[in-house]
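Novice: Submitted below is the structure of interest, expressed as structure tokens.
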Amino acid sequence: MNSLLMITACLALIGTVWAKEGYLVNHSTGCKYECFKLGDNDYCLRECRQQYGKGAGGYCYAFGCWCTHLYEQAVVWPLPKKTCNGK
């Protein structure tokens, strides 16, 4: 019984510690922010922090800016019912 309680508590804690992640999106076009220097990228870090706050992180992944440590309601790519100019 104690082990079941511990497992449940650990799963609840993991759920609250993990933050949302996703591609930075341009709300007017529905497109991801593009980047070309993969990995650590000052441009992506700056754009993610500007849109999502100082606590956000960002780097270039698959030629798009990937933002980390976002709040749960953060809007990331893809936008519902909005395509990236047919791409």
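From the backbone N, Cα and C atoms, a Cβ is placed for every residue, glycine too.
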Novice: Need the cross-check against Swiss-Prot: the disulphide partner of C60, picked from C10, C31, C35.
Specialist: C35
Novice: Using the record from Swiss-Prot, pick out the residue from C10, C31, C44 that is joined to C65 by a disulfide.
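Specialist: Answer per Swiss-Prot: C44.
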Novice: Of the candidates C31, C48, which does Swiss-Prot name as forming a disulfide with C67?
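Specialist: So the cysteine that Swiss-Prot bonds to C67 would be C48.
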Novice: If you check Swiss-Prot, which of C10, C84 bonds to C31 via a disulphide?
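Specialist: Partner cysteine, according to Swiss-Prot: C84.
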Novice: Fill in the CA-CA distance, C84 (disulfide bond) to C44 (disulfide bond), as an integer in Å.
Specialist: 19
Novice: Helix, strand, coil: count each for the residues of the domain 'LCN-type CS-alpha/beta' (20-85), based on DSSP.
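Specialist: Tallied per class, the domain 'LCN-type CS-alpha/beta' (20-85) gives 11 helix, 21 strand, 34 coil.
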Novice: Let me check the 10 A CB neighbour count of C48 (disulfide bond). How many other CB atoms are there?
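Specialist: Taking every protein chain into account, the count is 25.
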